[in-house]
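J.: Copying in the features that Swiss-Prot gives for the protein in this structure:
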- Arg17: site 'Transition state stabilizer' (SITE)
- Tyr22: active site, proton acceptor (ACT_SITE)
- Asn73, His79, Asp86, Leu100, Ser101, Arg110: substrate binding site (BINDING)
- His99: active site, proton donor (ACT_SITE)
Amino acid sequence: MKILVLHGPNLNRLGKREPAVYGSLTLEEINAQILNFTQERGIRVEFFQSNHEGDLVDQLQAAAESMDAVVFNPGAFTHYSIALRDAVASIDIPVIEVHLSNIHAREEFRHKSVIAPVAAGQISGFGSASYLLGIQAALSLAQSRRN
């Protein structure tokens with residue numbers, strides 16, 4: 001099983017950017033948690049982070065050819081990126097949208113996700129555990145598709 005963990009804009013600033021909202025872990029520390037979790041389960045994982053919408057679209061499209069699922073934190077693109085929405089809708093593998101913070105308990109403009117309607121599901125508000133829960137969901141969906 002191969003999963004792409006895709007990190008969107010500003011996630012490279014984790015640990016420095018608003019730790020009261022996003023926690024004190026860096027992106028590297030979160031990736032290490034994910035790697036430990038996936039290696040224990042025999043899951044291969046690749047990581048990619050970009051602040052650029054087109055790079056994320058490219059990764060989603062490529063994942064359709066080489067991955068079993070995607071765990072995707074689109075960051076602020078969650079709320080308005082039709083390009084990312086269309087990229088998620090265009091691929092035939094499960095995409096789980098994840099967020100460190102609970103986007104539904106934050107500012108009004110963060111409540112709407114344009115990605116969620118085309119994703120397999122959304123996990124929000126569990127800090128770095130959102131990624132681990134997303135991987136579990138992605139794994140379950142990908143395995144059920146194989147059967």
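Using the three backbone atoms N, Cα and C, a Cβ is placed for every residue, glycine included.
These figures come from a predicted structure and were not determined experimentally.
What's the neighbourhood like for these features in this structure?
T.: The Cβ of Arg17 (site 'Transition state stabilizer') lies under 8 Å from the Cβ of Asn10, each of these being in the same chain and 6 or more residues away along the sequence.
All chains included, 13 other C-beta atoms sit within 10 angstroms of the C-beta of Asp86 (substrate binding site).
A 10 Å cutoff on Cβ-Cβ distances gives His99 (active site, proton donor) a total of 24 other Cβ atoms nearby, all chains included.
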J.: What is the total of other Cβ atoms whose distance to the Cβ of Arg110 (substrate binding site) is within 10 Å?
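T.: I get 17 for this one.
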J.: A 10 Å Cβ contact count, applied to the binding-site residues Asn73, Ser101: which residue has the minimum?
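T.: Sparsest of the binding-site residues Asn73, Ser101 by Cβ contacts within 10 Å: Ser101.
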J.: At a 10 Å cut-off from the C-beta of Leu100 (substrate binding site), count the other C-beta atoms across all protein chains.
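T.: Counting Cβ neighbours of Leu100 (substrate binding site) within 10 Å gives 22.
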J.: At the Cα level, what's the spacing in Å between His79 (substrate binding site) and His99 (active site, proton donor), rounded?
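T.: Just about 12 Å between their Cα atoms.
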J.: Would you count the other C-beta atoms found within 10 angstroms of the C-beta of His79 (substrate binding site) for me?
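T.: Neighbour count, Cβ to Cβ under the 10 Å cut-off: 16.
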